[in-house]
Amino acid sequence: MLTWGAITIGLGGTHNFSQVTAVRFLLGAFEAGLFPGLVYYLTFWYKSNERSVRVALILASASLAGAFGGAIAYGIGHMNRAAGLSGWRWLFIIEGIPSCLSAFAVWFLLPDYPERASWLSVKEKELAAQRLLIEGSKGEGRGVRWSDAKETLTDWRLYGHYLIYFAVSLPFSSLSLFSPSIVAGLGYKDLQAQLMTVPPWAVAYVAQVSVSWSGDHFNARGLHCAGAAFVGSIAFLASAAAPADAFTGRYVCLIIGTAGAFASIPPMLGWLTSNMWSTAATGLAVAINVSIGAGLGQIPGVWIYKSDEAARGYPTGHGVNCAMLFVVSIGAVCLRLLYGRRNKRILGEANGQQNVRLYVL
């Protein structure tokens, strides 16, 4: 956090394309492990029916940051030439400072796992370890061995998770980058366009937390992921088909589409970790999942909103997001059916045995 905060501040001091590219590459390299690390970290602290909503709170914080980011960009736009610096330079400087400061708090206050939490009593540490005995990762577990890696890499059901996360990463990246441009195409200009990006992110925050809590509560993460993605898909389809001058309707579709796309992610990530039955496999599967999604899935998302389609309402971008969310919806339903069949087989082979571990749905 300290490093990428400092690098973000450094972006405010760049002067040409080469410098921006190099510094941005470093930012991505140092920041890449954050999200998979956070998802993996939760498995040391929470049971499977408690994770999705925690993932949602982490990811929803990014949505909230997007909302604040638009408001901050609006405010910083009025700082142009303050102390001789352009507004965009102030944007990087101001947004990098909290990461640097937070790094010190995380280092001293955030323990690796319950057994090392100084603010828990010995009895509380024992209770925390006991309740996670079956469903949680083990803080003192062994590292990843080749047998673990081989087993994880050849577990073909996981590639269904990877495909779904790849698909949802396209709308995630495209909306994160192009929301101001999309809003600007709805008749809002300059700083006003930045301000009008706030409602989609704010609604997405509420949707992520609500859908994830419901998925955990009803033990139906797959169906909640599929439902949220389907709603988002319909919203993007409507936006792509709407007349270019239907500004209000397209703005409503943007809000619903953003909420649906973002709300489908936390249940999927919580679902993946809940169906990994060893500490080593969990860490590797989460890393592969996020690498394929964030590493590969976000690349095409950069290109789907074409500047020459602004006057027509970005039909290509909305159409691609519609298709990708439909893939997410169908994929989640298929995985749900697969896990249901596997559970029936496990129960059939158990012959009445108690405490049989089943796949989380």
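Positions of Cβ are set from backbone N, Cα and C atoms, glycine also.
Marked as domain 'Major facilitator superfamily (MFS) profile' by TrEMBL: 1-343. Residues or ranges marked as transmembrane segment in TrEMBL: 22-43, 55-76, 88-110, 162-186, 222-242, 248-272, 284-305, 317-339.
Residues belonging to the domain 'Major facilitator superfamily (MFS) profile' (1-343) score a mean pLDDT of 88 in the model. Sequence-distant contacts of the transmembrane segment (222-242) (same chain, at least 6 residues past either end, Cβ-Cβ under 8 Å): 164, 168, 171, 207, 211-212, 214-215, 249-250, 253-254, 256-261, 263-264, 267-268, 271, 313, 315, 318-319, 321-323, 325-326, 328-330, 332-333, 335-336, 339, 361.
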